[in-house]
Amino acid sequence: MMANTDFHLQFQEFEDESNAMGSKSQETTINIEKHISKPQKQRRVAGVTLPEEENDPLETDDKTKLLSGQKERAPFWTFEYYQAFFDVETHQVKDRIIGSVLPWPGKNFVRVYIRNNPDLYGPFWICATLVFAIGISGNMSSFFVHHGQPQYKYVPDFRKVTMAATAIYSYAWLVPLVLWGFLAWRNSKVTNIVTYSFLEIVCVYGYSLAIYVPAVVLWIIPSEGLRWCSIVVALCLSGSVLVLTFWPAVRDDRPRIFIAITFTIVALHVLLAVGCKAYFFSTYDTTNTIKVVEPVEVNKTLSAIKAH
């Protein structure tokens, strides 16, 4: 009995609870690490070790091509190819329109506003707006000129819209194409730092026509003085944009070539404005001819009856 009592009264040493928990967590950690087949790579950022994300080879390749400028473009017969030419912000279009309406000496329109990012959104809609402005203003001008005449019956002339579209879009595309080809040919013969792409030239010509939209609206008023004044102002502003833009590209050429190119650019611009005014806003009154011819024909008829 004493032996059993002494056995129960003896103290036994046990491990500390914290040490026991630590050893268990360590064993658990070791067991978890053993079951991981591919440990994650680690990187140290600001003294903290973080797991490094595995890079997708396809994503890395796309980023490399994009940064190096070797991103493949869509074929020209797809919609995605032309979508890039209309990728422009509203404030950029506004700044380019203001820059074309208010040219400043010493500021190149391409270098200041386009910055190797030409767009077709602004030129396309400026030309479309100008076409409809010419068609509507031309019909309204004819109505006001012949208004009040008893023999005149107003009939809208939709051919003016077709003729205006042909003239404006041909000027905005064919002239830049010829100019780009000529400048490329001259740059191959003359060392020149300033060169423009075809889209940049189209962008310049398209935005240079923006000043004609308010000028054409003023042509509704049947006043020749006001019309010619608005033509002169529009020609000076838009012509200055073209001359200031293309002058650095031809100034290093021979004087005869420089003068010929400048004169051709200005002459075609003047021809477009004067031609639109003469064709769509003519104040020639055809009813006067009818009033003069009709009495003559009546008198001839009466004289022939009396003779018989």
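Here the Cβ of each residue, glycine as well, is placed from N, Cα and C on the backbone.
Taken from TrEMBL, the feature region 'Disordered' applies to 14-62. Annotation source TrEMBL lists compositional bias 'Polar residues' at 20-31. What TrEMBL records for 100-273 is domain 'Yip1'. Taken from TrEMBL, the feature transmembrane segment applies to 120-144, 164-185, 197-222, 228-250, 257-280.
Segment contact is absent for the transmembrane segment (120-144) and the transmembrane segment (228-250), given fewer than three CB pairs below 8 angstroms at sequence separation of 6 or more. Same-chain neighbours of the transmembrane segment (197-222): 85, 96-97, 99-101, 109-110, 114, 116, 118-120, 122-124, 126-127, 129-130, 133-134, 137-138, 140-141, 144-145, 168, 171-173, 175-177, 179-180, 230-231, 233-234, 237-238, 241-242, 245, 269, 273, 276-277, 281, 283, counting only residues six or more beyond its ends whose CB sits under 8 Å from a CB of the stretch.
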